[in-house]
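What TrEMBL annotates here:
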- 6-118: domain 'Acyl-CoA dehydrogenase/oxidase N-terminal' (DOMAIN)
- 127-222: domain 'Acyl-CoA oxidase/dehydrogenase middle' (DOMAIN)
- 236-383: domain 'Acyl-CoA dehydrogenase/oxidase C-terminal' (DOMAIN)
Ligand code: CAA
């Protein structure tokens, strides 16, 4: 066992860090305040190969490993979690799901442009539509229906809190075909956003990740060709669970980035701010906060990298991914809150970035499975 990153990993980490500092940092406060989707940044990320990082180059991807993905997610999330959630959903929920379970035709038609992040010179990204107004944690209680009509399915229902809701060109939609079969009656479909019958609701006015584009999406008699179903009939719930297992590594890495970003800001501030005749880093109250922050960041990073390593080595990463997500997201919330405290009054105003990181941290405890759901997954595995 060794804990050193390879030369290639260090290069990817540096590329992501430079991108975050040079392309994401300018304007991040304004994008947050005005809820501006970071289209330019996502387009540049696609040019870097970061929208399909782990996809095989034969399908337009960058062919990198999951460790690289964690490193890039951390660096970008330190600066702008609205950019990184878009990147995470496209990489781990949409591209991974299609590459792993799609047919060759589906991959050629959809995965190739999604992994490149563009089609005909335009931004081309995906969204993952599982949550509903009455089905969040209880994901098997799907009300969206997909009626089998022979050579097509007819979709009806509403999905909520969809990341990339209006900017995505392709939706992966989970819907109930046969309610009598419970989770085995659920299917997953590739649905093009411009299909007649789809309505994109108003953008949600959120506490954090305000640049990310979150909408409800409604389906009224939307015709989806049978060729767009992913996997065998009834595979949809397993598809969602398998896909989310990897997605949780992405969100854990996002939380890690928010945590390490907040820690680094608190550390830098403590070296310049003076109180009672000395820099505040010389006060034990601050030193102990910094020590706890550094320890939690390191623990979160190790959990993320371990889970990524398991995924790269074709091991089961479901539990380690849930552990990484619950730990990193709770660490992010705690560290960002303490970083505001270290900054005192300055921490409460926008220019110092930590209040945004604190607001952004909260969502990492909620989406892609709440902290409570991660504990369900972990406890089931240790108690079976
Ligand atoms: N891998 C493969 N199969 C799995 C699985 C996994 N990780 N987890 C469950 N399954 C299978 C089970 O084996 C079972 O199949 P069998 O009947 O063949 O045994 C079937 O799925 C049903 O599983 P459960 O009985 O365990 O189902 P449950 O109702 O108890 O719920 C749950 C399981 C883990 C709580 C699940 O509902 C869950 O993960 N909920 C959270 C949903 C979630 O994460 N939503 C995030 C929304 S997406 C998002 O946020 C994206 C974004 O935009 C940022």
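Our numbering is plain: 1 for the first residue shown, then up by one each step along the chain.
Glycine residues also receive a Cβ, built from the backbone N, Cα and C atoms like all the rest.
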Query = Residue counts in helix (H, G, I), strand (E, B) and coil for the domain 'Acyl-CoA dehydrogenase/oxidase C-terminal' (236-383), per DSSP?
reply = 127 helix, 4 strand, 17 coil
Query = Tell me, what is the mean pLDDT of the domain 'Acyl-CoA dehydrogenase/oxidase N-terminal' (6-118)?
reply = 98
